[in-house]
Amino acid sequence: MTARVLDGRATAATIKAELAERVAALSARGRTPGLGTVLVGEDPGSRAYVSGKHRDCAEVGIASIRVDLPATASQADVEAAVARLNADPACTGYIVQLPLPAAVDTNAVLELIDPGKDADGLHPTNLGRLVLRVKEPVTSPLPCTPRAVLELLARHGIDLAGKDVCVVGRGTTVGRSIGLLLTRKDVNATVTLTHTGTADLAQHVRAADVVVAAAGQPGIITADMVRPGAVVLDVGVSRVVDPATGKATLRGDVDPAVADVAAWLSPNPGGVGPMTRAMLLANVVDTAERLAG
Ligand SMILES: Nc1nc(=O)c2c([nH]1)NC[C@@H]1CN(c3ccc(C(=O)N[C@@H](CCC(=O)O)C(=O)O)cc3)C=[N+]21
């Protein structure tokens, strides 16, 4: 068997075209959305992601505001950047690129983001509303990568109702929150959350109809662990530097041989990554529309 491709690039392009129309309508009313980014330090992966987000904005007509701080930035410097974006009327939503340098208290920074401008859906208020299933008076932005996974499956006609989903990894941006989305009544999946303390990872993965690999461990999901016909989403991404050439390549959590076993596989790159960026734009446009009334 060779798995069908969950094509994140093509799907993200479709979504961006839809968003461009909504942005044009907002701009015609003088309400152009603006996405801000705060990037601290020189990590090449983070720089590449942030640059990609600004390219996406230009493509769909969203204004963008880029704040780059040196790796030596203090807690106060990062907090000041957040305060400026909170106060800037041109910025309707923004993100603080993670991870922050170890010297910066990440949770303290996330708490200071105006929950109404939290394009990542990572503010405690918004994560709390996700737990509480608050829909009124505001629907909180959903975390981008979990939303990306659901949207990628939905747009390929894959229904999750009654399915067993194994999530691998308990990180902030994916593993910890995706189960809240997957177990909503309108999705109705059953979720197992596995992590580095799981006794027998292979056993849980093998039992799953759908595997969401978000561990950040290159190749951790191998073909022998996957049930034939399963749907596999390769979410984790690592930069692996070849010691011989010094060249960096992106490696996903899923071993390429899984394509011989799975029914559907999201490639990495080209799968959930571009969808995450599209969902960030969607969060910004949703918020701008709500503000515009
Ligand atoms: N506050 C915050 N929000 C995030 O959403 C966030 C974050 N911090 N920190 C890091 C992770 C990682 N992440 C990716 C986004 C897009 C691609 C992406 O578009 N990747 C392309 C390849 C890009 C390339 O070639 O460099 C692809 O998969 O095809 C990947 C990874 C968002 N994250």
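Every residue, even glycine, has its Cβ placed from backbone N, Cα and C.
Fair warning: this is a prediction, and the values are worked out from it, not measured in the lab.
Quick look at what TrEMBL lists:
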BINDING   Gly169, Arg170, Gly171, Val237  NADP(+) binding site
DOMAIN    6-120  domain 'Tetrahydrofolate dehydrogenase/cyclohydrolase catalytic'
DOMAIN    143-290  domain 'Tetrahydrofolate dehydrogenase/cyclohydrolase NAD(P)-binding'
Here the binding-site residues are Gly169, Gly171; the one whose Cβ sees the most other Cβ atoms within 10 Å is Gly169
If you count the other CB atoms within 10 A of the CB of Val237 (NADP(+) binding site), including all protein chains displayed, you should get 19
Quick note, Arg170 (NADP(+) binding site): same-chain residues at least 6 apart with CB under 8 Å of its CB -> Arg176, Leu193, His195
Taking DSSP helix as H, G and I and strand as E and B, the domain 'Tetrahydrofolate dehydrogenase/cyclohydrolase NAD(P)-binding' (143-290) has 52 helix, 33 strand, 63 coil
Record-listed NADP(+) binders Gly169, Arg170, Gly171, Val237 have a maximum CA to CA distance, in Å, of 14
